[in-house]
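Q: The structure follows.
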């Protein structure tokens, strides 16, 4: 009887289980609050790096050097350069006019000409601009025997093995002699090649007339030859009004096919990071960010020691590790970038008679910006770990987790067909349509077709037979068949999840209840809300349950019967699971045994009621499927 008393009283095990659940919920809530602070701090840090003036500075500079036309030739600017003649016209015209601002619009001199030029009167030209070219040797490719009588010279595409390092032309100044590349200089990825630093280099003068004479001399002595493969124009400006550096690179590539391909890079970066009070506030956020990284790393190490190999079975733990790696990379790139800036910036600013290579500093700063952008992306993704307190979000996560295998199988089938069409488009249209000029372009073009952005006229003109066949079959199989299959997989899985939730097979949203309870308690303490009594809480709960039952199709009689059964159950639980009873080994009286028997009978009725409800729901689900 003592054992029976212990069983019907519930005893310590039930209290311990409830205590563990409360501890787990509180721990999760604390983790959510801590991570929210970390995410807010990271957002402040990242948005503090971005300045709206960066875009406007890039726009102003690009408009000046890319869109300004040659005098008398409105269609000739840097973007439209296609020949060596057009290139020299740009260098001697719009480039010089945009680079040298010697006076105000009324010809009044605002500063000493020995000082640097001020583009748009606000942007100081740092050091001297630099122009350099890379060449390839003659004989780097073979001419077919039938054409050797017509052409005995052959210049292949640029590679480091084909690069020409011999002196040429006048062989006097640096522009005619090869300069070796620096150790720390990054390579440039162009349209038709990857180019290293070094080459045939010359710096411009601070005088506009001297620079013009230099260009004329180079043009007259054929500085650009058949072996020329790329020309870089590099310079940097600083705007003190917004504390931004703009590093500019104009690139003209000379492919082996002939002609010129132009590209450009405008990087507005904040190299002097700690100037204003807001900058120091961002610095404090960076320190807090490092503290959070250390705390999170210690937590993950403890979890790894506790769970060992089972730790890697959870996808959230993999996301935690990825986020930690990205955070450490962010700290590394930030530290390295700051060290290089403090090491090189002062020297670059002092040497005003030389080219100031700010491109290296901008290169690492852009890398830091990219890695922190990826970090904050995955930091936001981690929010899904804490969505169990919301029913809708829980349904979403359950749907995705259930159909992941089906999605993987569908993805394999989708990409087999997708890459087959990409290969077909590249081979058929690659030589005539720019969107299919490379296999990578063909892949992205097909994604654009799925989204409704396509050039059917170009495809049809390239091949009047295969063009329409390719387009119609691709749209039919990929858009109408495969994408609808994907939506069907998601829809069916979501219906299953909703059916499970309707019959009670769903997670207990205890975290959401605790958040709501804490919110109500705070309002009551602030006297913004009247305290709720137990009767009010019970009334509201019963009302919510009744409304939910009516929405699911139960009649009033069933609802009233369920409410009576719930009251009977609560009365018995209050009597036999009361925490006020301390002795677990009391004897069971005859009356108590009778009440316990009645309670078992009521439980049997309740199970029968649940069974009927389950059968009704399953019938509804079966009807929906058919």
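Using N, Cα and C of the backbone, Cβ positions are placed for all residues, glycine too.
According to TrEMBL, the protein has these features:
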- 32-51: transmembrane segment (TRANSMEM)
- 77-272: domain 'Polycystin' (DOMAIN)
- 230-252: transmembrane segment (TRANSMEM)
- 273-497: domain 'Polycystin cation channel PKD1/PKD2' (DOMAIN)
- 277-298: transmembrane segment (TRANSMEM)
- 318-336: transmembrane segment (TRANSMEM)
- 366-387: transmembrane segment (TRANSMEM)
- 407-429: transmembrane segment (TRANSMEM)
- 469-490: transmembrane segment (TRANSMEM)
Q: Do any residues of this chain, six or more beyond the ends of the transmembrane segment (318-336), have a C-beta under 8 angstroms from a C-beta of it, and if so which?
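A: Long-range Cβ neighbours of the transmembrane segment (318-336): 286, 289-290, 293, 296-297, 300, 312, 364, 367-368, 371-372, 374-375, 378-379, 381-382, 385.
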Q: Where else in the chain does the transmembrane segment (230-252) make close Cβ contacts, counting only residues six or more beyond its ends and a cut-off under 8 Å?
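A: Counting only partners 6 or more residues beyond its ends, the transmembrane segment (230-252) has Cβ contacts under 8 Å with 51, 53-54, 57-58, 61, 65, 78, 81, 87, 95, 99, 119, 122-134, 158, 188, 190, 193, 195, 224, 260-272, 275, 355-359, 361-362.
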Q: For the transmembrane segment (277-298), could you work out the same-chain residues 6 or more beyond its ends whose Cβ comes under 8 Å from its Cβ atoms?
A: 38, 41-42, 44-45, 48-49, 320, 323-324, 327-328, 331, 334
Q: List, by number or range, the same-chain residues at least 6 past the transmembrane segment (469-490) whose CB is under 8 A from its CB atoms?
A: 399, 403, 406-407, 410, 413-414, 417-418, 421, 424-425, 428, 446, 449-450, 454, 456, 459-460
Q: Apart from its near flanks, which chain residues at least 6 from the ends of the transmembrane segment (366-387) lie with a Cβ under 8 angstroms of it?
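A: Apart from its flanks, the transmembrane segment (366-387) reaches 28, 31-32, 35, 38-39, 42-43, 45-46, 49, 267, 269, 316, 319-320, 322-323, 326-327, 329-330, 333-334, 337, 393-394, 396-397, 511.
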Q: Cβ under 8 Å, sequence separation of at least 6 from the ends of the transmembrane segment (32-51): give me the contacting residues as numbers and ranges.
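A: Same-chain residues near the transmembrane segment (32-51) but 6 or more away: 242, 244, 268, 270, 278-279, 281-282, 285-286, 288-289, 292, 296, 369, 372-373, 375-376, 379-380, 382-383, 386, 511.
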